[in-house]
Amino acid sequence: MTAPYISIRRRAALAGLVVGPLLLTAGELVQPDSGDGADGMAAAIAQSADAWLIGWTLTMLGAAVILPGLAALSARIGRRGSGLSTAGTILFGAGLLGLVGLAASELSLVPVVNQDAAAAVPILARMNESAALLTIFALYLPGWFFGLPVLLGGLFRARVAPWWSLAAGIASVIVGFVLADTVPQADAVSSVLMLLAFGGVLAHRDPARIAVAARTADATVTA
């Protein structure tokens with residue numbers, strides 16, 4: 001395994017930090033409104049089964065491709081900020097896994113509703129109260145709510161993220177959870193803010209590190 005191969009693989013993983021939020025945004029724009037409770041979900045699926053399938057498939061793929069990017073980010077972090085970054089990676093990774101599980105659960109509803117929408121309502125109600133779904137939400141909600149700000153806080157402390165990436169990450173959580181009922185297409189806006197946050201991380205170049213590298217290069221040339 002050569003160094004260029006490792007570099008290409010790492011860059012491909014980091015690209016997931018951009019591709020993932022884009023897929024999440026697209027998925028959230030495509031997904032029909034699920035309404036209230038099992039009745040609303042059954043009606044939404046019956047009326048727009050294709051949009052439901054496409055939207056939740058994009059959501060699943062978006063969450064999945066971000067995960068390798070989180071692992072690749074660890075190579076950029078030194079001791080400074082490593083504790084926060086590690087905690088954020090674990091939390092946010094758990095949230096992403098929860099979202100993958102949630103998307104899989106939502107996709108599994110389509111064949112149930114397609115057989116008989118009316119008969120599917122009590123089945124959906126039982127699924128919504130199942131221990132499996134509660135476990136998924138136990139991963140998803142705290143991981144998604146706390147993980148991204150903690151991760152970006154660690155990256156900012158490690159000087160591998162600008163301050164506005166941290167601000168965008170915090171805004172992403174606020175819009176997606178606190179303002180979900182007041183901001184139009186709040187989930188999509190939240191994903192766009194996540195894209196801005198990770199884009200800032202990937203584009204950031206720490207001036208102090210650049211200066212050190214320049215001095216090292218000058219010393220090497222002089223020697």
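Placement of Cβ uses the backbone N, Cα and C atoms for every residue, glycine included.
Database features (TrEMBL):
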type     : residues : note
TRANSMEM : 51-72    : transmembrane segment
TRANSMEM : 84-104   : transmembrane segment
TRANSMEM : 131-156  : transmembrane segment
TRANSMEM : 163-180  : transmembrane segment
TRANSMEM : 186-203  : transmembrane segment
Outside the transmembrane segment (186-203), at least 6 residues beyond either end, the same-chain residues with a Cβ under 8 Å of its Cβ set are 14, 17-18, 21-22, 24-25, 28-29, 62, 69, 73, 148, 152, 155, 160-162, 164-166, 168-169, 171-173, 175-176, 179-180
Remote residues contacting the transmembrane segment (163-180) - C-beta distance under 8 A, at least 6 residues beyond either end
144-145, 148-149, 151-153, 155-156, 186-187, 189-191, 193-194, 196-201, 204
